[in-house]
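S.K.: So Swiss-Prot says this about it:
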type    : residues            : note
BINDING : 8, 11, 91, 137, 140 : CTP binding site
BINDING : 8, 11, 91, 137, 140 : ATP binding site
BINDING : 21, 23              : Mg(2+) binding site
DOMAIN  : 228-329             : domain 'HD'
């Protein structure tokens, strides 16, 4: 019986990166032997065990045979006769198919170390094409290791394109797609994920709302990058810089979906695009079963981001309506997320990365002043019933007006 450290722990150590979970591979053992050594079995589809002391995962060496469509149609075969090379052959990328034995020796039958040195994401074997989920995984790895200079090998990208053209992505479950998307959005450079998917055609197959934005122009004065798809990925990058929160990053991704519906005759203007994008966002979220907090913020950002951008032009009564519509009184934390997404939208433009954008600060101060209006004073003044609500709105209006009078507005021209 031989035990090896495999997968991400070996890869990340060789890259000089912090190691995450330590997964182990056991060659030449049976289930009975593992149980006799005190391991507890947790795998249902194939034999995976937890170490009695460290609780790290140990899996018996296995092979996989495709039987059916999609990423779940596999039959696994684990036995003492399965070799290290056979087990590593079933893995997705060469950089994930390196093993380290108990003496610290590396076993690299498929050139993973060389690909680490060359910063290349390359598939291990043609069996890569049997699992459509690997298209998303490769794109996610490209995003994850972008800072280290990794790119997808041309032959792997070509295989991903063939898989996409064959309709393999249709066999992925919504939950699995969202799980990959969630991991990507919580990373450092999620825009790379979408760039890779676009290169292999998977963006159009999975996320047509986003793919439709590429090639759609916006006014050069406000969008020197011109292309709305490029702008969206720039906004996503800015959202990652501004906020670690999944909902903010997802809202940044969806905020301009409505521009994909603008008839070319009206380009580069996109009047009302925020409202036009709402049905697209709802459909996207329903399709992939996106969590409610992400969906709700994305809808708010799409609907209201243009209002925030022109906040200095809004009358206090209009700003009060924005607060009401966003339920800012009861959900101030979500409203702060809305402002972060608007900041990302403003700065996610060529040449606008460091420009002053004071509107969210003004809006936040106006909201704070309106929130500070004490209801108890209105009640103490003798107002009752509907009159309380009317008086509260009036005093909030006055509070916003005072903030507005105190601000020196910035001319962006």
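Cβ from N, Cα, C; glycine included.
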S.K.: Over the domain 'HD' (228-329), work out the mean pLDDT and round it to an integer.
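M.R.: A mean pLDDT of 98 is what the model gives the domain 'HD' (228-329).
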S.K.: Can you figure out which of 8, 11, 91 (the binding-site residues) comes closest in space to residue 21 (Mg(2+) binding site), comparing Cα atoms?
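M.R.: That would be 8, the closest of 8, 11, 91 to residue 21 (Mg(2+) binding site).
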S.K.: I'd like to know which of these binding-site residues, 21, 23, is least surrounded, judged by other CB atoms within 10 A.
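M.R.: So among 21, 23, the binding-site residues given, the one with the fewest Cβ atoms within 10 Å is 21.
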S.K.: Please report the DSSP secondary structure of residue 8 (CTP binding site), reduced to three states.
M.R.: helix
S.K.: Within 10 Å of residue 23 (Mg(2+) binding site) (Cα to Cα), which of the binding-site residues 8, 11, 91, 137, 140 do you find?
M.R.: 8
S.K.: Could you give the maximum C-alpha to C-alpha distance in Å for the residues 8, 11, 91, 137, 140 that bind CTP per the record?
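M.R.: Roughly 16 Å, rounded to the nearest whole number.
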S.K.: Reduce the DSSP letter at residue 23 (Mg(2+) binding site) to three states and note it down.
M.R.: strand
S.K.: Can you count the other CB atoms that lie within 10 A of the CB of residue 137 (CTP binding site)?
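M.R.: There are 20 such Cβ atoms around residue 137 (CTP binding site).
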S.K.: Give the three-state DSSP assignment (helix, strand or coil) for residue 137 (CTP binding site).
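M.R.: Its secondary structure by DSSP: helix.
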S.K.: Apart from 8, 11, 91, 137, 140, which residues in this chain have a Cβ no more than 8 Å from the mean position of the Cβ atoms of those residues at the ATP site?
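M.R.: Other same-chain residues with Cβ inside the cutoff are 7, 92, 93, 95, 96, 141.
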S.K.: Can you check which residues sit near residue 140 (CTP binding site), meaning Cβ under 8 Å from its Cβ, same chain, 6 or more apart in sequence, and list them in order?
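M.R.: In sequence order, the residues whose Cβ lies under 8 Å from that of residue 140 (CTP binding site) (at least 6 apart) are 180, 183, 184, 187, 193.
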S.K.: Excluding near sequence neighbours, so keeping only residues 6 or more apart in the same chain, what lies with its CB under 8 A of residue 11 (CTP binding site)?
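M.R.: Those within reach of residue 11 (CTP binding site), by Cβ under 8 Å and sequence separation of 6 or more, are 95, 96, 98, 112, 116.
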S.K.: DSSP-wise, what's the residue breakdown of the domain 'HD' (228-329) into helix, strand and coil?
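M.R.: DSSP classes over the domain 'HD' (228-329) add up to 78 helix, 0 strand, 24 coil.
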S.K.: Tell me the Cβ contacts of residue 91 (CTP binding site) under 8 Å, same chain only and six or more apart in sequence, or just say none.
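M.R.: In sequence order, 7, 97, 124 meet the Cβ cut-off.
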